[in-house]
Amino acid sequence: MNTEYYYWNDYVPIQTTWACQFYNVSFFSQISSFLCVLYILFNCIKNKSTLRCLPNHLIICLLVVSSWTISIDLMNTEYYYWNDYVPIQTTWACQFYNVSFFSTSTLNRFLMAFMAIERHFLVFRHQLYRTRRSRYLLHYFPILIIIIYSFTYSIYTDIFLTCPLLRFRYTRFLCGYTCSLLSKNASTMFLWFQLFTPTVVTCIACFLLPIRFLFQKRNLQRLQWRRARKMIVQMIIIAGAYILSWLPYAIILQLATINLISLTSDTTVEYMIFDSYVTSLLTPFICLHTISERLKLDIIKRMIRLCFVQRQNTVHVQTALATTNQCRTVKPPNILPQKRTSCGS
């Protein structure tokens, strides 16, 4: 490792059995996750009350980021591991791969960290969001700052920042990275501020939220208690998936930075690459549990109709026939009296 630059280009992930197995699994989960994202977003747009709910805004942002990661970044990674070269072999395409990969992953982690912090205010200081000014100041403005920062920093470090080791190789993952990881200062900034810090903040905020809820549960009303418990369960489920994915990722890179472990192992590098997509694949399914009860029941009913159409129709027809047979009454035959005739006739 150089005092000025990190030789990330020396660690080349190759196509192994482990990567091919993950590719087969991720391909099917990629399709199902993307369809799940589209279905949830479509129902959220139809249900205006879901869009107006503040806790759902960050969930929708995570869904949008996950859909981009699943459809663009993961597809490029699968193509690389399948063919041993990047899809489009140009300079601007290599820059686009790096900007898309690092900006979406950074945005994912910062949104999750802000969501973990905001849950404390929504549960215990919800009166702060009553006015429009406070909602813009405490909710919308931080989300906008996070989005602008994530893309601006990635565009600057992956496109405009130059270094002597920058040379795109089309047979390497993300064309061999850009100066955002090749430069020592930029790499240290990425590891500590954009990777390690939001992951640790998410862990601490998620750990303190249920503890704080147990101590202050008596101060909450019954309606507030149910609402707070629901948001805490939502937070624990979503943050748990992010912590299990990004915390080992951050620890491995920190140990590699101080030369305690080496990244020359193909399995380690492949794990670090594919581990960043786990949260994006799981987020749509986790969000099915975190949306409103009304929307969740509507989704479940529609899924049952799509999956069990013939079965329901058969039962319905048999039930209708049985009901008709039970209600049908047997009328006695209409016997008309015979006319008596005289013997002389």
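Please read every residue number as a count from 1 along the shown chain.
Even glycines carry a Cβ here, placed using N, Cα and C.
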For the record in TrEMBL, which of the ranges 161-182, 271-292 is the transmembrane segment one?
271-292
Establish whether the number of Cβ pairs under 8 Å between the transmembrane segment (271-292) and the transmembrane segment (54-75) reaches at least three, counting only pairs separated by 6 or more residues.
yes
State the residues, same chain only, that lie 6 or more residues beyond the ends of the transmembrane segment (232-251) and have a CB under 8 A from a CB inside it; answer 'none' if no residue qualifies.
55, 59, 62, 108-109, 112, 115-116, 119, 123, 191, 195-196, 199, 202-203, 205-206, 209-210, 213, 272, 275-276, 278-279, 282-283, 286-287, 289-290
Which residues of the same chain, at least 6 past either end of the transmembrane segment (137-156), have a Cβ under 8 Å from a Cβ in it?
54, 57-58, 61, 98-99, 102-104, 106-107, 110-111, 114, 118, 121, 128-129, 180, 194
Take the domain 'G-protein coupled receptors family 1 profile' (33-287) and average the pLDDT across it for me.
83
